[in-house]
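Pulled from TrEMBL:
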TRANSMEM  B:18-37  transmembrane segment
TRANSMEM  B:116-136  transmembrane segment
TRANSMEM  B:157-185  transmembrane segment
TRANSMEM  B:223-242  transmembrane segment
TRANSMEM  B:249-269  transmembrane segment
TRANSMEM  B:298-320  transmembrane segment
Amino acid sequence: MKKYTLTIVSIVSIAATLLWLFGLGWTLQDQFSATKKMEQPKVKTESSTAKKQEGTLTIFALGDSLTRGTGDADGKGYTGYLTDRLKDKTNQDINLLNTAIKGETSRGLLKQLQQSEIQRQTKQADVIVMTIGGNDLFQQGAALESLDMNAINGKKQIYLNNVKKIYSQLRELNKDAVIYHVGLYNPFSNMPDASTTSSIVRDWNFQSAETAAGYENIVYVPTFDLFQLQVENYLYTDQFHPNTEGYKLIAERVASLINFEQEEKKS
Amino acid sequence: MINLVRNEMLKLLRKKRLYVIILIIAFLVPLFTYAQFKEIQEQREKLGNQDWRTVLQQEITDTQNRLSSSRIQDEWRKYLKIRLSQQQYYLENDIDPRAPGAPTFMRIFVENSIDLLLPLLVMVIVADLVSSEASGGTIKLLLTRPVKRWRILLSKYLAMLLSVSFIVLSVAVLSYGISGVVFGYGGWNMPLLTGFTVSGDELLTDHVHIVPQWQYILMEFGLVWYVCMIVGTLTFMLSVLLRSTAAVMGIMLASLIAGAILANMVASWESAKYFFMVNLNLTNYVSGMATPIEGMSLGFSMSVLAVWGIAGFIIAFVTFSKRDIY
């Protein structure tokens, strides 16, 4: 019996040694031979084509830190509260996909939209919400200090150009989903230069809304008024991002628009 | 010679160490399987969406958000950046690197155990190969035979080699067999990407190519075996040098764990890359992870390990042939 085990273990071990040596040799051959060409996989797997999920409402969120939820104690952001509210109102399953990146500018978003996976998710979306432009204008709060109108106008032109491209790209990918572009508020409206900064933000919002109006089913959602009076109550300690209360305000506003939209479709 | 090796194998089996090791693996694999299973389940619950692309995209976005934070360590940033570009590459090529299945589990399991768990198991077997003969006094009986000393040591070394192969094989078989119950046994032909090269914090994709998962796993197990052999050789050397098995184990244990710790903090101490224990993570080169120290590559790490291994081998044989036994 003992002898039998010994023979088996020995033979298995010798076979294993050969196998591992072969694997090691293959690794060396594979990793060190330089001329390997990448061949693309020929067939895409079935679910890579855009396919909407039946019975669920897919909200696709993209943009910057506001969509990400920076400053919210629960980390939900307005997209999270929006989903909560919609869940209360409808019986539909709601699926939230959030691809927002902190510090994203309009140029960054445009680049992100070139990625195939982002495009695929855009195609699947029923509702698209986005925030963009805050970082173009404020650059984390640094830019408004100088209040150089020429520089700001230059930035605005670049931004508007990018936004146009973003809108077109989104529309091209998804003809039906309503796009809610959440506008800017003025985080500095209780600072000394409030009247100047406010007018800059107002103008920025106005131009963005004008651009949005050129497309079908793009809603530019104003938030300026929400934060106009008691801005300090709705801002996070960084004095720039909204706090939980601020996000809830934004969510409420977007939620009411979305429901309105759904009813419109039914009738 | 064959009889000598047979004799050593018999001693090994008598000690029942191999069974203990198989038991340890058979106990650990279900644990990891369950952990993995839980993780997949939680992810599905959170995203409510079973498409892996969405999950991967979400991960990419999360990483991007972490990268945009300014309070992040340079090391960690580099690591994240490389992972990020790799995930992006997988996504663009429509390949799911983590499609659940027993082969995938096997791969992830060895990738994570190559630098500590498997070397430890090997150490348990090898540590007392020679030293126990010295402390038990049986070495005198062994050496009174009309056989050259180096042949005796070589037979022990070969027995060590065979048992290392056996351990690696049992890891492969057990992790496949056990995890398959949960994840299913398929997935051998799933395509995977390899050939990433890391330079600074950039991920170069010039040599990237697709290999089927079975080949990928075979390659990784080849590397695992290589690492285990080097660790085995070094333990073997210590076992010749020291009479006490506990001391052998202590030294190996300390250096292996030191390696795991060092790998996390040596980035600025460049010459640390010549330690064997920092170079154990060979599978990282195949999957394209960031290296602990700049300038390390598969060729480099394998050479460093080879030098240590050969040195250990020579020291062991020279000391064993020259030493006075009393």
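Glycine is no exception: its Cβ is also placed from the backbone N, Cα and C atoms.
Worth saying up front: this structure is predicted, and the values here are computed from it rather than measured.
Residues of the same chain lying 6 or more positions beyond the ends of the transmembrane segment (B:18-37) and with a Cβ under 8 Å from any Cβ of it are 12, 100, 105, 108-109, 117, 121, 124-125, 163, 166-167, 170-171, 174-175, 178-179, 181-183. Among B:157-185, B:223-242, B:298-320, B:223-242 has the largest number of CB pairs under 8 A with the transmembrane segment (B:249-269). Tertiary proximity for the transmembrane segment (B:116-136) is limited to same-chain residues at least six positions away from its ends with a CB under 8 Å from its CB atoms, namely 8, 12, 17-18, 20-21, 24-25, 28, 110, 142, 153, 156, 159-160, 163-164, 167-168, 171, 224, 227-228, 231-232, 235-236, 238-240, 242-245, 248-249, 252-253, 256-257, 260, 280, 320.
Within the chain carrying the transmembrane segment (B:298-320), a Cβ under 8 angstroms from the stretch's Cβ atoms is held by residues 130, 149-150, 153-154, 157, 226-227, 229-230, 233-234, 236-237, 240-241, 273-274, 276, 279-282, 285-286, all 6 or more beyond its ends.
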